[in-house]
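Structure first, then comments.
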Amino acid sequence: MGDLKGSRKRKAVTRDLDEEPGVVSGDELNLDALDGDLSDKSHDTEHSSDSEIELVDDLSSDDGEEYEDEFDSDEIPSDIESKPIREKSKPDRGVDIFVRGEEVTSDGELGDGYDDDKLNYRVTKDANGNERYIYDEINPDDNSDYSEADENANTIGNIPLSFYDQYPHIGYNINGKKIMRPAMGQALDTLLDSIELPKGFTGLTDPSTGKPLELNQDELELLRKVQMNEITEDGYDPYQPTIEYFTSKLEIMPLNAAPEPKRRFVPSKHEAKRVMKLVKAIREGRILPYKPLTEKAEAEEGVWTYDLWANETPRADHPMHIPAPKLPPPGYEESYHPPPEYLPDEKEKAAWLNTDPEDREREYLPADYDALRKVPGYDSFVKEKFERCLDLYLAPRVRRSKLNIDPESLLPKLPSPEELKPFPSTCATLFRGHSGRVRTLAIDPTGVWLASGGDDGTVRVWELLTGRQIWSVKLSDEEPVNVIRWRPSKDAVVLAAATGDSIHLIVPPILDPEMEKASLDIVDAGWGYAKTLTSDSTKKTSAQWTRPSPSLLDSGVQAVISLGYVAKSLSWHRRGDYFVTVCPGTATPVSLAIAIHTLSKHLTQHPFRRRLKGGGPPQAAHFHPSKPILFVANQRTIRSYDLSRQSLVKILQPGARWISSFDIHPTSSTTSGGDNLIVGSYDRRLLWHDVDLSPRPYKTLRYHQKAIRAVRYHSNYPLFADASDDGSLQIFHGSVTGDLLSNASIVPLKVLRGHKVTGELGVLDLDWHPREAWCVSAGADGTCRLWT
C-alpha cells in the first residue's frame, strides 16, 4: 500500500466514526503482523493493478493535521485489526474498500452501516475490461471557490483588442467559437444613453467584450465603501474589544528570563561596515544624492530654466542711506535653561516687581525650564517688536567711522620690573615695642637710626638693620605722637616730634660727644635771640618756645613749642633751619593753622592771615626742595606760594575728594626742568602731577581697596610708594627726564603685604632709606617693618 501522505488523489465520500481510529503510514505499518486476511467475496482474480484503491486524505488541509495528531500512536486500534485487509502478496483480485472504518465492496455497494449515504462515483469497465471509477462533477455551492465558467466570456487573455480591429470578431469563447463584435450605436442612441444613465453606468468599455461596462449592485457598494474609506469586508468590526493576553493574568514568573543579548546594546559592526562603504562611495563621488539632469533629459522632460534677473542692473543705494543697526546677540540670561548665577532669588524678584517699568534694568526676569517645549509665549513680544520699529524709523542714524587700531598699540611700552631693580620686595626686619598704633616714623639722614611714635605717647629710636630699640622717651600720657621728623642736615641731629598741641625738639643721647655738642648748640642758639625779639617786638604770637621739664630734659628733650592746637603735619626745609607745621582741626583759627618755625631764632610765624578760598581746611604743607616755594594742600586743592615775593604761584586741582598727603619730587626744577609731585587721597586715588604740564593730574592710579594714608618719593632712586588702610604698600617706578617733550613714565613694581588691618586701619606712614632702595612702614597693628 502506497504512502498516504504522498498521495493527491480524489477523496472518497466518507462518514465520521464514533471513535477516530489510529492510522500509521506505510513506512511504519507491518503487514505481516496483521492477523486478518483480505476478504475474498468477489473478483478474486481480476486485474491486480486496479485491485487496490488508495484512500488518501488531503494532509495539507486542517483535517489532515488533526489526523496526524490522532495517528501518532504506535499501536494499531482494535477496530482496524478486526477488519479484513488484503495483502499484496496474495493473488486474490477481489477488492474490499474500507472508507474510515466502513466496508465497500467491489460492486460499489456499501457495507454494513453505510446504507444511508450515496456514493460520489460509479464503477465501469474500461476498454481493456478493467474497472474504472468515474466520479461525479462537483457542483460548488456558495462557499466554494469554484464557479461555473461563462461560456460567452472572451478567452483572449491580455491581448489588446486593437489586434482584432481588422476582423469582425473580437475573440473566442471557451468553446472556441468567435465572439462577434457588438453593433455600434448611432449618435442618437449615444445621446439618449448619456441623458438617461442606466444603473451601473460607468462610461467605459469592457475590453473583453467591447460592450459598455456596467457594474452590478455589489460592485457599486464596494466602490462606495472604498470612497468613504470604510472596511470593504462585511461584518468587520474595527473596534473589537482588546484581549489582553499577557496583562490580564498575574504572572509570578517571567515569560522569558533569558538575559539580554549583547547585540541589543552594542552597535553592530556589520552595519558599521556597510555604512562606511556608503560613506566612502559618497566621498569618492560614486553615489550622488541627486543625480543631475543632463540637457538631453531636461529637453525630454520639457523643463526649461530661465534667470529672471539675468539682465537686471543693480541699483545704487541712496547717498544718505544708513543700514539699520543690528540687535545685540542674546546673552546667557535669555536662555531657557540659564546657569544658576543668572537666576534671580526671591529678594531680587520682589525688587524687580516693585521697580517702575521705565527704571528696570531689563524687561524680563530670567527663568529656568527643563525643556524648550515647556517655554511659554513671550508676553512682551509684540511690544518689543513695536518699539524696535519705532526706533528704526523715528531715531536718527549717524555714520561713525570706526578706527581699526590695535588696543595694545595704544598702551605704553612699559619695561619689565626685573629690569628696574633694585626695589623693596621682602620684609627684612620687624620692630615691636609700641602699645597701640604706630602713627609715624622717620629714618635719620645717615640711614642708621629709625625713630617712631605711636598712640602710647612715646618716641622710640631703633637700630635700623638689627631692629633693636636704642632709646625711648615718653612725651605724653594721654596724647599720641602724631608726626616725627629728623632734621635733614648731617652736621647735627635734631628730632622734631608733634605730640598733642606741642612740638618737642629732641637730641637723642645716642650720638658721639662731638655730634651731640653740635646738636645742642644749634638748639640752644636761639634762646637769647628769642628773648631779645620778644622784648623788642610789639606783636604777640600764640606759639611759645619754652624749656622742657627736668625729667624731659634729662631724656634729651631740649625745647618745647606750644602751638595751642593739635599739629598733624610737620616738614623740614632742606637746609634744616625751618620747618612748617599744619593744624587741620576745624576749631583752629585760619591765621594759626599753618606756622613756619625758625630753629636758629626760636621764632614762629603765621604766613596766612586769611582763610584759603575753597577746598576746606589745610591738611599738609611742604617746602620746595630748591626754590623758596611753599606748597599747601587743603581737602581738594594744592596751592604753591612764593615766600620771597609773598604771592600765589599756582593752584593744582587733583580732583580728589579729600587729600590725605602729598610729596614733592626731590629733583624738581634741577635736572628735570619742572616740578612733579604725587598726591594721596582718602578716596583711594594716587595722583601724579606735572606742575608745568597742567593743573590737572597727569596720571591717576586706582589700585587700593581703601584710603591712602601716606605717599613718599625716594631721595636718590626713581621710586615712590604709597600706604593704604587695606594693609598694603605699593611700590612704583617713576622716572623723570630733563626733556620737556617727554612725560614721566610710571611702572607698578611690587605690592607689599604684611601689616594686619586693625580697627579699619592698615599702614599709617612710610619713609625711604636715604641711600638704599629700602623703605619702612608703620602699621595700626603696633609694628614697624623694614622692606628690602
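Glycine too: its Cβ is placed from the backbone N, Cα and C atoms.
Features of the protein shown, as given by Swiss-Prot:
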- 38-50: compositional bias 'Basic and acidic residues' (COMPBIAS)
- 51-78: compositional bias 'Acidic residues' (COMPBIAS)
- 80-91: compositional bias 'Basic and acidic residues' (COMPBIAS)
- 1-91: region 'Disordered' (REGION)
- 433-472: repeat 'WD 1' (REPEAT)
- 476-516: repeat 'WD 2' (REPEAT)
- 613-651: repeat 'WD 3' (REPEAT)
- 654-699: repeat 'WD 4' (REPEAT)
- 703-742: repeat 'WD 5' (REPEAT)
- 758-788: repeat 'WD 6' (REPEAT)
| said: Using a threshold of three or more Cβ pairs below 8 Å, and leaving out pairs closer than 6 in sequence, do the repeat 'WD 6' (758-788) and the repeat 'WD 1' (433-472) count as in contact? | reply: yes
| note | Residues outside the repeat 'WD 5' (703-742) whose C-beta sits under 8 Å from one of its C-beta atoms, at least 6 past its ends, are 417, 420, 422-424, 660-667, 671-674, 676, 678-686, 688, 692, 748-757, 760-768, 770-771, 773, 775, 777, 779, 787
| Who are the long-range neighbours of the repeat 'WD 6' (758-788) in its own chain, taking Cβ under 8 Å and residues 6 or more past its ends? | 422-432, 434-443, 445-447, 450, 452, 454, 462, 464, 467, 706, 709-710, 712-717, 719, 721-729, 731, 752
| task | For the repeat 'WD 2' (476-516), could you work out the same-chain residues 6 or more beyond its ends whose Cβ comes under 8 Å from its Cβ atoms? | result | 436-437, 439-446, 449, 451-459, 461, 470, 522-523, 548, 552, 556-576, 579, 581, 597, 599
| field | Counts of helix, strand and coil residues, the repeat 'WD 1' (433-472), according to DSSP | value | 0 helix, 22 strand, 18 coil
| task | Would you mind splitting the repeat 'WD 4' (654-699) into helix, strand and coil residue counts from DSSP? | result | 0 helix, 18 strand, 28 coil
| field | Residues in the repeat 'WD 3' (613-651) grouped by DSSP into helix, strand and remaining coil | value | 0 helix, 22 strand, 17 coil
| request: With DSSP as the yardstick, break the repeat 'WD 2' (476-516) down into helix, strand and coil residue counts. | output: 4 helix, 16 strand, 21 coil
| field | Summary of DSSP states over the repeat 'WD 6' (758-788), given as helix, strand and coil counts | value | 0 helix, 18 strand, 13 coil
| said: I'm checking region-level scores; what's the whole-number mean pLDDT for the repeat 'WD 3' (613-651)? | reply: 90
